[in-house]
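Annotated in Swiss-Prot:
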- Lys9, Phe57, Arg85, Thr91, Arg102, Asn112: ATP binding site (BINDING)
- His115: active site, pros-phosphohistidine intermediate (ACT_SITE)
Amino acid sequence: MERTFIAIKPDGVQRGLVGEILQRFERRGFKLVGLKLMQVSEALAQKHYAEHKERPFFGGLVAFITSSPVVAVVLEGKGVVATARAMMGVTNPLNSPLGTIRGDYGIDIGRNIIHGSDSLESAEREIALWFAPAELLEWQATLGSWVYE
C-alpha cells in the first residue's frame, strides 16, 4: 500500500488546526502509520529543503520550519500521494479552491499550513528523513473493506 509524508507546519500547529487536518485525511479513509510533534532542527530543515538550496527563499523556508513545532505524519492508502496533494490544494493558498486545506485556512504563500510529498519517490525520501523505521507502525485497520473495493 502506498505511503506519503505530511508535515503540518508551524502556522498550522500554532493556529490549532492539527486535529481538523488529520480528521480530513482519516475521514477520506487514509490510515495513520506515523505521527509525532517535533521541533525541527536546522540540519533536518536543510536536508528536507535541499532542492531549494540555491533559491533566494531557502533561508526563509529553513527559518520558518524551525521556528515552532511541526506535526510530522505518515499516511497509508490507495493513491495517497496524489489524493493528499489534491486535498491540500496548490502551494499558494490564494489560488487554492475552497474545500482544500490551503484554500480553507491559508492566506499567504509563506504560511501555507501544510507540506505533502509530491511523488512516491519524494515520499520515500521524506519518510526516511523524518521517521526511523521503528516509529512507523504496521497495523490492520478494519475499515479497509468499507473504503476500497
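Note: Cβ is positioned from N, Cα and C throughout, glycine not excepted.
Annotated features taken from Swiss-Prot, shown on the structure.
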| residue | record | CB count, 10 Å |
| --- | --- | --- |
| Lys9 | ATP binding site | 22 |
| Phe57 | ATP binding site | 12 |
| Arg85 | ATP binding site | 17 |
| Thr91 | ATP binding site | 12 |
| Arg102 | ATP binding site | 23 |
| Asn112 | ATP binding site | 23 |
| His115 | active site, pros-phosphohistidine intermediate | 20 |
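Note: the CA-CA distance between Arg85 (ATP binding site) and His115 (active site, pros-phosphohistidine intermediate) rounds to 9 Å.
If you take the CA of His115 (active site, pros-phosphohistidine intermediate) and look 10 A around it, the binding-site residues you hit from Lys9, Phe57, Thr91 are Lys9, Thr91. The maximum pairwise C-alpha distance among Lys9, Phe57, Arg85, Thr91, Arg102, Asn112, the residues recorded as binding ATP, is 22 Å. DSSP assigns Arg102 (ATP binding site) to a helix. In the three-state DSSP classification, Arg85 (ATP binding site) falls within a helix. DSSP assigns Thr91 (ATP binding site) to coil in the three-state reduction, placing it in neither a helix nor a strand.
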